[in-house]
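Features of the protein shown, as given by TrEMBL:
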type	residues	note
REPEAT	95-129	repeat 'PPR'
REPEAT	131-165	repeat 'PPR'
REPEAT	168-202	repeat 'PPR'
REPEAT	203-237	repeat 'PPR'
REPEAT	273-307	repeat 'PPR'
REPEAT	343-377	repeat 'PPR'
REPEAT	380-414	repeat 'PPR'
REPEAT	415-449	repeat 'PPR'
REPEAT	450-484	repeat 'PPR'
REPEAT	485-515	repeat 'PPR'
REPEAT	519-553	repeat 'PPR'
REPEAT	554-588	repeat 'PPR'
Amino acid sequence: MTRCRIAATRHRLFAVISRSSPAQKRCIACKHSASFPTPDAPSMPGERAPPLSRKGATADHRTLTALIDSFLHAKNLKSAFSAVGLMFKSGHASDAFLLNLLMKGLCKGHSVSEAVKLFREIEHKRWIPANSVTYNILINGLCKEKRMEEAMELWREMARAGPCCSPNAITYSTIMGGLCKIGRVEEAMSLLDDMKRSGLDADVFVYSSLVSGWCNAGSVDRGMYLFHEMLQKGVHPNLVTYSCLIHGLSKLGRWQEADDMLRSMADRGIHPNVFTYTSLIDGLCKDGKSAEAMRLLDLMVENGEEPSNVTFNVLINHMCKNGLIEDAFGFLEKITEKGNVPDVVTYNTLILGLCNVGKIGEAVKVFGKMLESSSNVKPDLMTFNTLIHGLCKIGHGEQALNLRKMMVRRGHTCNLVTYNILIGGLLKSKNVSKAMMLKSEMADVGLKPDSFTYSIMLNGLCKMRDVEAVESLLGEMKDNGISPTSYGYNSLMALHSKMDRMEQALSLFDEMDDNHKPDIVSFTILIDGACKTGDLEFAKDLFADMLYRGITPDLVTYSVLINRLTESGKLDEAMEVLDGMKAKGLSPDVALYDSLIRQFGAKGETSKIIDLLHEMAANDVALDAKFVSTILDTLPFDGEDKDPLENLPNFSKEISEGTNFSCHELIKKIQRICPEIQGQSS
C-alpha cells in the first residue's frame, strides 16, 4: 500500500511539473539554468513568476521547502509530494536542492527504488538537473540495501555526466564501504587506487571502511597495513578505525596488539566507547580468558563508560556456553541490583543456556519470571522457539504444543522454524498423527514445507522404520520438486542399511553423489551396512574412497570398522586400523577397547589384553561397569600363571558417570581373587 501511495504521489508530481508555471531551475554545482514553458502566463527567461496566493496568504519558497523537509523527516511522503506540487503551482523555482531533498527523504523512508524511478523520470524529462550530491544520496541508499551493482552503475554514470557530477571523496567512501560490508574488499581496494589516480585524497572514512572490511574478512594484518599508511599520510584515525582493529585483533587472540591500540587511542585523546570495550570482552571470553574479560569490564566502568545490555549479554552468553549457569544467574542478580534492567536477549540467553545443558525445568522457571517481570520484558518468537525446542528434545511434545498455544494467544505467529521443531519433536515421541496435522496446518497459514522440514520428517519416519510413510513422503517431495538434503539422504540410507537393503542404500548414495556430496555420516552408514552383510572388502574399499575424497574419518567411523573386523576375528586388521586411528590423533574410547579385549580374551591372548590396559591407563581412559565385567570375564584369575595379573596397570580416573563401580574397585576385586598380587591398589 505504501508503494502504491508513493507511486501515485510521484505521478501527481509529474503532472504538476508538466503544467506548472515557468519555474526557473538552476544546478547549484555547475550554475547552468533552464526554464520550463508554461501554458498559464509567459515570462522572460530567468524571471520568477509571482507566487500564487490562497485566501490572502502567499506560499513562500523557504516556508514550502521547510515544510517538505519536515514531512520527509516524519516519513510522510504523501504530504511531502503534495507540498512539492504546491511549490510548482506557486511558480517557485525547482533546483537541485529540492531534488536532493526528495531523494534523501525517499531513501531514508526505505523507498530507494521509488527514489531511483523518480530520479530517472526527472532526468529523462530534464526537469531538474542533478549534481554529485544527488548521485551520492542514491548511491548511499542502494549501498545500505546491498544493491551494489546498481550503485556501481550510478558511480560509472557520474563520471560520464559532466564536471558537476564527478565522483568525489564521499562517493568513493560510500561505494567502498558498501563493497566492504558484503565482503568484496579487493574491489574496494581497487577503487582506492582509482581514487588516487583521480587526484582525490582518501580521508579517514575511506580508510576506516577498508580497515573494517579487512578485519571482518579475518585479514587483520592488511587492516594494520592501511592503518600505518593512514598515519604516514597524516590522516588521523578515529574511534571507528581503532574499534575495528581492536575487535579484529581480539578475535584472533592478539591481546598485546589490541592493548597497544587501546593505549594509542588514549594518546590521541580518543576514548573507547561501549562497542570497543564490548568487542574486547567478547574476544576475551571466546579465548577462554573470562577473568581478563571481567577485569576489562571493571576498567570500562572506572573510565566512565557505562556498559550496555549488549555487554552484559555477551558475558552471560559465554557463561551459559561454558555451562556456568549458576555464575550467569549470579552475575545477572548483581547487575540487576545496580539498576540494570535485563532485556529479552538476556532472558533468551539464559533460557538457551539452560536448554543446552538439559535443564529444561529451570528454563521454564526463567520463562515464568520473564512473564512476571516488573520491567515489562515480553517473550519474543525466539523465546518460544527455544523453549519449544528444549521440550521436544526431552520428548515432551504435548507440553511443547501447549506452549505453542500460549505463543499464538500472545500474538506471535508460528514461523517455519516453529513448525519444524514441533514436527521433529512429535515424530521423536512417535506421535505421527499430530506431526502430520501440523504439516497440513502449515499450508493453512501460508507456509510451505522446505527441504529441511521434509528431512526432519524423513529422519523421524526412518527411525520408526515406517517404510510406507517414507515412500509416500518421497513421492510428495518429488511432486514438489524438492530433493532430500544430505541429512535426509543419510536417514534413508540408514533405514535401508538397518533392513539389510544395501542395494537401495547404494542407489541413494549414487543419487546423493549427483545432488549433494556424501559426508562422513554417509560413508559411516554404508561401511557399517557392508560389514553387517559380511562384505568386509567392500567396507574397506568405502573407507579408502572416503580418504581419497579428503573426508577424515571420525571416532564413530573407526569404531564401526574396528568393531566389525574384530567381530569377524580379523584382529590383526583391526589393530592396523586402530594404529591408523591413533596416528590421526583420535583416542579410542572405552567401548572400542572393550570390543578388542573381549576378542583377545576369546583367543586367550592375555598379553595383548595387558598391553591394551596399559595403553588405556596411559591415555587416562575412564572405565565403565561393562568394561570391568569384561576384564573379570577375560583375565585368567583362577589360573596358576599370575605374572600377567602382576603387570596390571593402575587407572587414575574414576569409572564413567552413571555407574557405581570405581576403577580402584577393579584392582581390589582382583586382589580378593588373587591375594598374592600386592601393590596394585595404591
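Each position is counted from 1, following the chain as shown.
Glycine is no exception: its Cβ is also placed from the backbone N, Cα and C atoms.
Whatever TrEMBL says is automated annotation, not expert-curated.
Proximity of distant same-chain residues to the repeat 'PPR' (485-515), defined by a Cβ-Cβ separation under 8 Å and at least 6 residues beyond the stretch ends, is recorded for 451-452, 454-455, 458-459, 462-463, 465, 467, 470, 474, 521-522, 525-526, 528-530, 532-533. Averaged over the repeat 'PPR' (554-588), the predicted model reaches a pLDDT of 87. Below 8 angstroms of C-beta separation, residues 309-310, 312-313, 316-317, 319-321, 323, 325, 328-329, 332, 383, 386-387, 389-391, 393-394, 396 of the same chain, each at least six residues beyond the ends of the repeat 'PPR' (343-377), sit close to that stretch. Residues in the repeat 'PPR' (273-307) partition by DSSP class (helix H, G, I; strand E, B; coil) as 26 helix, 0 strand, 9 coil.
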